[in-house]
Amino acid sequence: MSELVTETDTESVVTESMSTKAQAPLWREYYEITKPRVVALLVLTALVGMCMAMPGAIPWQIMVPSIAGIWLLSSASAAINHIVDQQIDAKMARTSHRPLPNGRITTSKAIVFTAMLSLIGFTMLYVWVNPLTAWLTLSGLVGYSVIYTMYLKRATPQNITIGGLAGAIPPLLGWTSVTNEIHPHALLLVLLVFTWTPPHFWALAIHRRDDYAKVNIPMLPVTHGINFTKTQILLYTVLLFIVGLIPYLVEMSNWLYLIGAVTLNLIFLAYAWKLKFNAEKDTAMQTFRFSIIHLMVLFVVLLADHYLLPINP
Ligand code: HEM
Ligand SMILES: CC(C)=CCC/C(C)=C/CC/C(C)=C/COP(=O)(O)OP(=O)(O)O
């Protein structure tokens, strides 16, 4: 059964309804180029990383500038992605409605907006949090908007496995905000998001294969085919299942996390299995949507486990 996008699929309906946003207030257009929903989940992983770094409540004097700074720099990197990719975005059905291809925001205004976000975000982190977190967050911005967007995305089908490091870094940023050091447990949280990213993105890329082929972006389903990509998704969900056990095995988290992680990873595996062996028209998009719920719930469970069942040293 074909996984490819059709005229009538739900995404096209979303795209159509987005085009009616032409009269949206200007601030909404600027907000949109910051990829607000992606950044909200990134910030949640940073917040959980921060809370996991120490027992008890996080001082607000650290929490507020840290979350704000990570939010601003992540938003800036998303806006750079919109600026750099505007030509290819204009040609893809999923992205053609975006403010830059549509001319609702000019490139020069987007650059000024991005520069402001970056400057304020970096300064907040450097002055009110610590230089280590400021530089690490800036490396996330460079990783996503320069290394991934300007180079990897157009160069190799492994673009997102390598570029995924930038999106996986926020739990470490949260952690270093409160401790000013890079702890192995923080790197374990990074590894969780890093392993989650390929099945998250490739599920969408299967659904949008023709879009990417049209603009010559070498996403895995374009270069290696849909079947191969489904196998990779399945293998990564197996890997994610194993990585998901480690926080419990190293006594970073307790049984509540273990139950949550095993349940979520089994559901993710079931989606990947169905996608590989018994796919229907919408299975790829359903897998993509579930991936977002998966990561969100996984990090909420980590947090609940941390506060409800503290591990005594
Ligand atoms: C290299 C890594 C990644 C790639 C290539 C990728 C790719 C994508 C793409 C293409 C979309 C669809 C966006 C749209 O339709 O506007 C998307 C959606 C999303 N991604 Fe990712 N993603 C990556 C990493 C992440 C990470 C690390 C997170 C969070 C921790 C994340 C969270 C989300 C969320 C929440 C959405 C839904 C956004 C919405 O509904 O508008 N992604 N991702
Ligand atoms: C500072 C810091 C921690 C930065 C975070 C980086 C960040 C915003 C990662 C999100 C990853 C993402 C949405 C990739 C999709 O880009 P795409 O160009 O493949 O997708 P698109 O076609 O929807 O634009």
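Yeah, the Cβs are placed from backbone N, Cα and C, and that goes for glycine too.
Per TrEMBL, transmembrane segment is recorded for 38-58 (among others). A Cβ distance under 8 Å defines the sequence-distant neighbours of the transmembrane segment (38-58), meaning residues of its chain 6+ beyond its ends; these are 66-67, 70-71, 74-75, 78, 167, 170-175, 177-179, 183, 185-186, 189, 193, 252, 292, 295-296, 299-300, 302-303, 306-307, 310.
For the transmembrane segment (64-84), same-chain residues at least 6 beyond its ends with a Cβ under 8 Å from one of its own Cβ atoms are 33-36, 38-39, 42-43, 46-47, 50, 98-100, 107, 110-111, 113-114, 117-118, 120-122, 124-125, 127-129, 133-134, 137-138, 140-141, 144-146, 149-150, 166, 170, 173-174, 177-178. TrEMBL lists 64-84 (among others) with the feature transmembrane segment.
Under the heading transmembrane segment, TrEMBL lists 105-128 (among others). Here the transmembrane segment (105-128) has long-range neighbours at 29-30, 33-34, 61-62, 65-66, 68-73, 75-76, 79-80, 82-83, 86, 99, 134, 137-138, 141, 177, meaning same-chain residues at least 6 beyond its ends whose C-beta is under 8 angstroms from one of its own.
Annotation comment: TrEMBL describes 134-152 (among others) as transmembrane segment.
Sequence annotations record features per position, and here TrEMBL assigns transmembrane segment to 159-178 (among others).
TrEMBL lists 184-204 (among others) with the feature transmembrane segment.
Residues or ranges marked as transmembrane segment in TrEMBL: 233-250 (among others). Within its own chain, the transmembrane segment (233-250) has Cβ neighbours under 8 Å at 185, 188-189, 191-192, 195-196, 198-199, 202-203, 257-258, 261-262, 264-266, 268-269, 271-273, 275-276, 287, 298, 302, counting only residues six or more beyond its boundaries.
Tertiary proximity for the transmembrane segment (256-275) is limited to same-chain residues at least six positions away from its ends with a CB under 8 Å from its CB atoms, namely 199, 203, 206, 230, 233-234, 236-238, 240-241, 244-245, 247-248, 283-284, 286-287, 290-291, 294, 297-298, 301-302, 304-305, 308-309. Under the heading transmembrane segment, TrEMBL lists 256-275 (among others).
The transmembrane segment annotation in TrEMBL covers 287-309 (among others).
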Dominant neighbour of the transmembrane segment (134-152) in 159-178, 184-204, 287-309, by Cβ pairs under 8 Å: 159-178
Outside the transmembrane segment (184-204), six or more residues from its ends: residues with CB under 8 Å to it: 45, 48-49, 52-53, 160-161, 164-165, 167-172, 175-176, 219-221, 229, 232-233, 236-237, 239-240, 243-244, 246-247, 250, 252, 268, 271-272, 275, 284-285, 287-288, 291-292, 294-295, 298, 302
